[in-house]
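Colleague: What follows is a single structure, and I will ask about it in a moment.
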Amino acid sequence: MTCGKPADYRYGEHTADVLIQAYGCTLEEAFVNAAVALAEVTYSTSKVEPKHSREVEVEYDDLEGLLFKWIDELLYLFDAEKFAISRKIDLKLEKDGGYRIKAVLYGDIYSQEKHGFTGLIVKAMTFHMMEIRQIGDYWMVQYVVDI
């Protein structure tokens, strides 16, 4: 989509951590790009075929807590199931008192030979430098992960 956003996502310098900024014309798109950016820290999502799917539902009172739970759930799927997400993610963000994400992630079981390895493994999500805001016509989601 075109809306003036600078990119889908980008990385910033941060020692022992990775600062991720994800962008979207909608808040949903920014959350999807935040997920793709997380995966790209470790492997190439463009090499992941959408062979399998996982349904994810997370909720929280505010957007920052929702982002934390969303990214944390993706880390769990990779750690526990070796589920590598592709760029295909169907995500719906609902506001009903609090916030809820209902998403279907498409991907495959991670294979270093098929999906590559950047040399970095994300250990944990943090609240450090977290920011979610609308900038003109697009949304920016920023967060830091420990590597």
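Including glycine, each Cβ sits where the backbone N, Cα and C put it.
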Colleague: Per Swiss-Prot, what member of Asp8, Asp17 joins Asp146, Ile147 in binding Ca(2+) at one site?
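Modeller: It is Asp17, as the record lists it for that site.
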Colleague: For Asp146 (Ca(2+) binding site), write down the residues of its own chain that are at least 6 apart in sequence and whose Cβ falls under 8 Å from its Cβ; none is a fine answer.
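Modeller: Listed in sequence order, they are Ala16, Asp17, Val122, Lys123, Ala124, Met125, Thr126.
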